[in-house]
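Please read the structure below before turning to the comments.
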Amino acid sequence: MAILDILVYPDPRLREVAAPVAQVDDDIRRLADDMLETMYDAQGIGLAATQVGVNQRVVVMDLAEEGARQPLVLINPEILDREGAATGQEGCLSIPGFYEDVERAERIRFRALDREGRPWEQEAEGLMAVCVQHEIDHLDGKLFVDYLSELKRKRIRRKLEKLVRQGRVNVGGQTGRA
């Protein structure tokens, strides 16, 4: 397994729409394993393949309590139904150090393939619903800052660009924690 570079906003590759996975094979499973290792190393709870520069519809998540690991791999995930609305603070490994309130569906039903290529469906609410929506947004080229006002987006972009100049964050991969 390998730790991959995490792309940092405003890297244009974060805006690409990921291609569906045609076949779940050893390469896709290796990608998922590398993404999990990268996510754990960065102390995140979710990571989309587009965040590591791979244009495939693959997401990894782990919402377990600290210390316990319950990795989840979603291949070709899609949301089937949304209900309600809830606002909560979100962060992103591609926008390190920034957290903002974002409104999302309170409950969702989604489907995906597992790491063996088997289809499955699940209903989710709370943190899991937020995380699934956030990561699928990445696969569609959308970031949580897109839900913010233009003023807030510009402020975050300027601050991140300053961190890049200071060498604390490297566009194309993280070199430090913001």
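Cβ coordinates come from backbone N, Cα and C, glycine included.
Listed features, source Swiss-Prot:
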- E135: active site (ACT_SITE)
- C92, H134, H138: Fe cation binding site (BINDING)
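Distance noted between the C-alpha atoms of C92 (Fe cation binding site) and the residue listed as 'active site' is 10 Å. The Fe cation site is set by C92, H134, H138; from the centre of their CB atoms, other residues of the chain with a CB within 8 Å are G46, A48, Q51, E90, L93, S94, E135, D137, L143, F144. Within the same chain, the residues at least 6 positions away from H138 (Fe cation binding site) whose Cβ sits under 8 Å from its Cβ are L14, A18, A48, T50, Q51, V59, S94, listed in sequence order. Neighbour list (H134 (Fe cation binding site), Cβ cut-off 8 Å, at least 6 residues apart, same chain): G46, E90, C92, R104, F144.
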